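Down below is the structure, laid out as structure tokens.
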Amino acid sequence: MSYGTINDMNESVTNYRIKKAQNNIKGWYAYSFSSEPFVVSAVSTYIPLLLQQFASINGVKVHDHSIPCLSETGSDSDKCVLGLFNNRIFVDTSSFALYVFSLSVLFQTIIVISVSGIVDLWGSVKFKGRILVWFGIVGALSTVAISKLNDTQIYSLAGLYIVANGCFGVINVVGNSLLPIFVKDSLKCQSQGAYEPDKVDSLTTVISGRGASLGYSSALIVQIVSMFLVASKKGSKQDVQVAVLFVGIWWFVWQLPMIWLIDDVTIPIRADDSTLASARSPYPGEQDALGQLNWKNYLSYGWVSLFESFKHARLLKDVMIFLIAWFIISDSITTINSTAVLFSKAELHMSTLNLIMISVLTVVNAMLGAFMIPQFLATKFRWTSSQTLMYIIIWASFIPFYGILGFFFNAFGLKHKFEMFLLAIWYGLSLGGLSAVSRSVFSLIVPPGKESTFFSMFSITDKGSSILGPFLVGLLTDKTHNIRYSFYFFFLLLMLSLPVLNCLDVKRGRREAEELSQVLPESERRLD
């Protein structure tokens, strides 16, 4: 074989790997484009409305349980409660939605922990892509099923939402864990092995920002189409369910390209290889006759691996700082959206169409925030990643502060419908920037080879706060029957996060993560 032929073969292999790396990034964009409408449109707008609507239809007046909630008998100011478990307990109709959110996130956390260890153990990008598609199909079909329920099936509504949200949690963790792998694969292929570490930071930020913008773009398209669907069903009880149906179909269809796009750039070591199974087994000696781990051990590996990762995270100062800060931030930012929807419906009596318009405003400005904040504002003013996060939090804290003003003033402080439209713009900018920056920051400070497990920690921190936040707001609403009091809770949390974020040093965190990855036992590294 001639020297020229060998060069041609090497060039062909290099081009093949570059194409694979580029396709993986396109597949990552498809993940964001297909699934983002579920959380932005369904979870943030439609599901809260459906839960409150079903609760109101099946609820009664708080002061007289013999009077249906939607009855014209009694005062308009009478609050409503929903009887659960054969009327053993009664909860505020707004609180019911919040309690379901908490329960769904608890289920999501359990399934995320179980699955994240499996994908790290398997060590194949293609397998992770299949996980995205499998759970996406189940989540999409559960969303479609929600659109077919009648208003008496309140427990079925809660159950299907819990399943769909659990599936979204899995693909969110696995999808985010693929980002640093795709970035490094792309740089390795383009530079044929060697690349500058600083390029990882910039490329991660760019791809993360584009992914967030694409996700919000898809959510915007879904919301605009949903406006026409809801308008065509105006006056019907099924108007929101038509929008939910469209979200489910969108999720199902647009995730399919990932089947062909996401693949291994290099041939991975097979997960069922006896050496890999032996090296990675959390239970040495418990492989089957073929040297393979059984599914019981695969599932438990996620919990064992997570426990080990928390032990390692204690050695990573900046990972711990970020996770503590994120727990506080997420508790406020994620809960405030669903609370605002319930507040708008219950207190301001806004129509479904108006709430979708607010959601569209939020999505448009989230796209701007995801694109402008990391790529222009942070660059222009030379903010560090941690500084950028702090400025976003300060910006976002105005929203609950403005809601608090409603206790003291009658003219403003979320007393009128138009104020919700203005705050939607404000919230969207902060949400988009936070989504793009937080993902890229955390991906920079996790040990190479442990992306899925550490992003599982990130998700668990996020979801742990999302279990607590809605639950506490639900208790507060049950006690006061006034959801406005939740704004005190949100404002306090955002203020508490600032001094924690001020301690974050991304460069130090990245250095410590790389050092830790070098000293991890061979059995705990991903075998590339």
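Glycine residues also receive a Cβ, built from the backbone N, Cα and C atoms like all the rest.
Features as listed in Swiss-Prot:
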MOD_RES   Ser278  phosphoserine
TOPO_DOM  1-98  topological domain 'Cytoplasmic'
TOPO_DOM  120-130  topological domain 'Vacuolar'
TOPO_DOM  175-210  topological domain 'Vacuolar'
TOPO_DOM  232-241  topological domain 'Cytoplasmic'
TOPO_DOM  263-318  topological domain 'Vacuolar'
TOPO_DOM  340-352  topological domain 'Cytoplasmic'
TOPO_DOM  374-388  topological domain 'Vacuolar'
TOPO_DOM  410-417  topological domain 'Cytoplasmic'
TOPO_DOM  439-485  topological domain 'Vacuolar'
TOPO_DOM  507-528  topological domain 'Cytoplasmic'
TRANSMEM  99-119  transmembrane segment
TRANSMEM  131-151  transmembrane segment
TRANSMEM  154-174  transmembrane segment
TRANSMEM  211-231  transmembrane segment
TRANSMEM  242-262  transmembrane segment
TRANSMEM  319-339  transmembrane segment
TRANSMEM  353-373  transmembrane segment
TRANSMEM  389-409  transmembrane segment
TRANSMEM  418-438  transmembrane segment
TRANSMEM  486-506  transmembrane segment
**Study point:** Residues from the same chain, set at least six apart from the ends of the transmembrane segment (242-262), whose C-beta lies under 8 A from its own
**Key:** 23-24, 26-28, 30-31, 33-35, 37-38, 41-42, 46-47, 50, 125-126, 128-130, 132-133, 136-137, 139-148, 178, 218, 222, 225-226, 229-230, 232-233, 356
**Study point:** Mean predicted confidence [pLDDT] for the topological domain 'Vacuolar' (120-130)
**Key:** 78
Practice item. Sort out the residues at least 6 away from either end of the transmembrane segment (319-339), same chain, that have Cβ-Cβ distances under 8 Å to it, and list them. Key: 43-44, 48, 97-98, 101, 313, 362, 389, 393, 396, 399-400, 427, 430-431, 434, 438, 441-442, 445-446, 454, 457-458, 461-462, 464-466, 468-470, 473, 483, 486, 489-491, 493-494, 496-497, 500-501, 503-504, 509, 513
Study note, to complete from the structure: Same-chain residues at least 6 beyond the ends of the transmembrane segment (418-438) with CB under 8 Å of its CB atoms are 205, 208-209, 212-213, 216, 326, 329, 333, 336-337, 340, 344, 348, 350, 357-359, 361-374, 378, 385, 388-389, 392-393, 395-396, 398-399, 402, 412
Review point. Using DSSP, how many residues of the topological domain 'Vacuolar' (439-485) fall into helix, strand and coil, respectively?
Key: 39 helix, 0 strand, 8 coil
